[in-house]
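> One structure coming up, written as structure tokens, with questions to follow.
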Amino acid sequence: MIIAITGTPGVGKTTVARKLAEKLGCKYVNLRDFALEKGIGEVKGDELEVEVDELAYFVEKEFKGKNVVLDGHLSHLMPADLVIVLRAHPKTIAERLKERGYSKDKIGENVEAELVDVILIEALDEHENVIEVDTTGKTPEEVVNEILNLINSGIKRRVGIVDWTKVYEEIIPYLRLGGD
């Protein structure tokens, strides 16, 4: 089974994906590293620009029929049996990205993406089996246990559990000002 862990930068994808792979006894695959290994994409600054279709081809070729956990904000665009969309309060995302040294514009862009469900909508356009998990205020272990409970109970689709419009006023400073 290919499980894709996706979400806006700053939601905790890598930590959760590594722990989930460990608990399931699956191979952990960082899509950025995988693309670089395969010689696809181009590094521009801190970002890797890659053709999604080309990456998807290599993912399917390499992992079809195997048990892997894919980690990356493009993983929901890859062939997968189950997509887990991690969500986090936009303010939390802004704070984490600020700590990572993201520019104000990049912080605003990612806060906005989380606010309007960009990754979730893209995942639903590509896949039937999509589970949304709110990571806000939870430890990575709690998130992994929630995912495992959902998988073990046979749930393949759970969406619509996050609505950031209720906190929109609180998020406005983070949209284009990076929290300042």
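Cβ coordinates are placed from backbone N, Cα and C, and glycine is handled just like the others.
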> Which range, 9-29, 30-50, does Swiss-Prot list as region 'NMP'?
30-50
> Kindly point out the range from 99-109, 132-142 that Swiss-Prot annotates with region 'LID'.
99-109
> So if I measure Cβ to Cβ from THR15 (ATP binding site) and keep only same-chain residues at least 6 apart in sequence, which ones fall under 8 Å?
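Correct list: PRO140.
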> Return the residues near GLY12 (ATP binding site), defined as same-chain residues 6+ apart in sequence whose C-beta is under 8 angstroms from its C-beta, sorted by sequence, else 'none'.
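Expected: LEU86, ALA88, THR135, PRO140, VAL143.
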